[in-house]
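Listed in TrEMBL:
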ACT_SITE  Lys260  active site, proton acceptor
COMPBIAS  121-131  compositional bias 'Low complexity'
DOMAIN    48-94  domain 'Ribosomal RNA methyltransferase FtsJ'
DOMAIN    158-304  domain 'Ribosomal RNA methyltransferase FtsJ'
REGION    110-138  region 'Disordered'
Amino acid sequence: MPFRPTPLARTQKSSSTAWLARQARDPYVKLRSSSVTADASALAATSYRSRSAFKLIEMDEKYKFLRNQRDVQVVLDLGAAPGGWSQVVAQKLGWDAPLPLLRKAERMREPRGVYPKPGHSWSGAGASSSWPLPDGDEPADEPFTNPLDISALDAGTGRGTIVAVDLLRMVPIPGVQFIQADFLAPETEALIRGIIERKRGPHGKADVILCDMAANSTGNAFHDIESSLAICTSVLEFSKRHLRSAESMQRGLGGVLLMKYFVHPLTHMFRMEHLVTNFNDVRFIKPDASRTESKEAYYLCRGFKG
């Protein structure tokens with residue numbers, strides 16, 4: 001009797017085939033993986049670590065919260081790994097390195113940062129932007145040090161300070177200081193404050209906070225929305241502590257929070273009750289680079305009221 005695949009096997013094969021076909025048609029996947037030329041700017045444009053980099057580029061081109069804003073000096077990227085958004089921010093702030101140095105940064109060993117303690121979990125309802133550390137990885141006993149010494153790489157001189165935070169390790173990016181930790185842990189917030197204060201002095205805060213973080217999907221729509229809300233709530237509370245106000249920046253739309261969420265009546269309620277009350281301007285954005293079938297979207301919150 002000839003072998004017949006089970007319905008499950010056929011379903012899995014069909015799903016994999018559909019995913020591969022979608023990837024092959026996706027213009028942003030093609031652009032991200034296109035061949036690299038000897039030109040440094042071309043390398044930067046074609047070697048983003050994640051497809052989501054194009055979403056940030058598109059949103060900033062339209063709303064200009066990074067581009068041409070000379071008073072933007074401190075940017076925090078929460079849930080940063082693998083680093084696509086941090087790459088874009090580094091370019092926007094002028095941290096462009098010559099081609100050999102970009103390649104050197106990509107070849108460098110994964111940076112040492114602040115590791116979660118054994119058994120430590122992300123404090124936002126169990127959701128995280130990444131997976132737990134692989135077996136065998138131990139917490140670092142040493143204090144935090146900048147994993148990428150820009151002076152050692154002789155990278156181009158940019159402006160400002162960029163801090164990326166994630167539970168996953170991230171390959172160094174010129175101009176970006178990386179902390180491997182839970183961004184809500186008190187010790188992590190202390191490290192972030194220390195980095196900002198070296199730039200801004202005591203009580204210094206960030207000009208822009210970015211978060212492309214999403215909980216791992218469970219297949220349960222209601223649970224996934226709850227996890228998304230938990231992340232949004234945690235990021236907003238973090239921003240209340242670490243984001244500059246529009247008044248302090250002397251700009252009505254100064255003090256920017258950009259974060260991902262998933263469209264649902266509950267997230268709309270969150271917007272009206274918590275975002276509109278804390279910011280002068282709150283926009284709903286569905287970038288063209290975001291897949292049509294995805295429910296993801298972004299809240300661009302400008303003019304933090306403090």
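Easy rule for this one: first residue shown is 1, then count along the chain.
Placement of Cβ uses the backbone N, Cα and C atoms for every residue, glycine included.
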Spatial neighbours, same chain, of the residue listed as 'active site, proton acceptor' - Cβ under 8 Å, 6+ residues apart: Cys211, Asp212, Met213, Ala214, Glu296, Ala297, Tyr298
Secondary structure content of the domain 'Ribosomal RNA methyltransferase FtsJ' (158-304), with strand meaning DSSP E or B: 52 helix, 40 strand, 55 coil
Structural state census, the domain 'Ribosomal RNA methyltransferase FtsJ' (48-94) (DSSP three-state): 20 helix, 5 strand, 22 coil
